[in-house]
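Copied from Swiss-Prot, the annotated features are:
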ACT_SITE  Ser113  active site, phosphoserine intermediate
BINDING   Ser113, Asp251, Asp253, Asp255  Mg(2+) binding site
MOD_RES   Ser113  phosphoserine
Amino acid sequence: MSTNTISHVGDLNDEQALSFFGTDGIRGKSQTFLTNSLVSQIGYWCNHVLLGEGPILIGQDSRASSERIASALAHGLATKNREIWLLGLCPTPAVSHLIKKYNASGGLMISASHNPPEDNGIKIFDKTGEKISLEKQIFIDNKLKRKVLIPICKDKDNCINRNDLLKDYKNSLLNTVDKESLIDIPIVLDLCWGSASSCGEKLFKALGANVISINAIPDGEKINVNCGSTHLEHIKKVVLESNAQMGFAFDGDADRMIAIDGKGRVIDGDHSLYLWGSSLQDKNMLPEQRLVTTVMSNLGLEKAWLNRGGKLTRTPVGDQHVHKAMLTNKASLGGEQSGHILSTLNDLCGDGLLAAIQLSSICNRKGILLSEWRDQSFKPYPQKLISVPIAKHITQNYLNKSEKFRLSIAEAELDLGKEGRVFIRKSGTEPLVRVMVESIDKLLVESLTTKIAKIALEEFN
């Protein structure tokens, strides 16, 4: 395979010695990990990396703990005399967009994305609307590890409720497509009891769609529970029963999206990336015909995109890695199989709502059903992913040193040959090791994934 058409970025076994930051910010159990004391310290040390005189924005998802965490963050942030704008319930990409629009010094989003309701997290953005750099993460991480006593401001007079700004974010999305571009198209939205419920239905109705919304009210006890982008059974059923043309399922903070076509079939981030990318490529609007994706993306996507004459860059897992590679390669579109899609339309911030209105609007403009468009794209290689629970102290280096585990991977790679691959990754947000096997032989995929996962369970618990 030619190196000028596909490239890899980063060391896939890299592991930063961070105690608090994972793949996407700080995340853990809301009651036992994200205590008021820790959260206030996070806010305080954010003052040292989010520089400038502009306001600091705080957004949140619907989790029961989000209000408490927002208050504790504000206590820590209030030690510096600048305004703190409380956005309330909103999607993560809204925080990023509003930081740039209002020249804010930075922002924080309180969410644990697709994690269960009892978890929560904090994503930190600098004044560019981008997630803070690794250097800034290390600074905050080191300060938190040392448990330095910090001054806490009891008054929060500089906190201002600005939930009125959500309309600016919604309008920015509407401006990316033709008005009324979804007239009378039946579309199902799974709003996941989370952030997408703040504006998702209004957004699609403004474009003329006949919207059927499920899990549509913000509910901190139900967010991500058997719904949203990681639990698709409900939306599949509703799409089929309602004869909708398509459906879109979001995660807790609406930065990722998985689509369902009118036949009830899943269109994950790989397919979304290919479909949107091919539309841009056809209009000569894709620089170098390049897509950026991660090591988890399907080989079917890779081969199909190269056959179109495109270039593909793979990165480690995490939208921040995709973002960095897009900047380096001057790419305009990238994403992850999990449903994060990044585009220059919104300054390379993963945005599930943007991806959803783009796909649906392109379908309407082409005069094609999403199911038909999917059939014209690519056939994924059989791929199986098992998330294996492991002890909390297990690191990537520990995984690499297990002879039995390494041997099972090597044997699997021999069995697969050139038409398949094994990928092992420790989760950056949960005590899990993800075992993925991919090949043209479905039965071989099943047996090898199960075998490696069983050994991982035995070795790392």
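Cβ from N, Cα, C; glycine included.
The Mg(2+) site is set by Ser113, Asp251, Asp253, Asp255; from the centre of their CB atoms, other residues of the chain with a CB within 8 Å are Asp61, Pro91, Thr92, Ser111, His114, Gly194, Ser195, Phe250, Gly252, Ala254, Arg256, Gly352. Each residue contributes its Cα atom, and for Asp251 (Mg(2+) binding site) and Ser113 (active site, phosphoserine intermediate) these two points are 6 Å apart. A straight line from the CA of Asp253 (Mg(2+) binding site) to the CA of Ser113 (active site, phosphoserine intermediate) spans 5 Å. A simple way to gauge crowding: the CB of Asp253 (Mg(2+) binding site) has 33 other CB atoms within 10 angstroms, across all the protein chains here. Every protein chain considered, the tally of other Cβ atoms within 10 Å of the Cβ of Ser113 (active site, phosphoserine intermediate) stands at 30. With respect to their backbone Cα atoms, Asp255 (Mg(2+) binding site) and Ser113 (active site, phosphoserine intermediate) stand 8 Å from each other. According to DSSP, Ser113 (active site, phosphoserine intermediate) sits in a coil region rather than a helix or strand.
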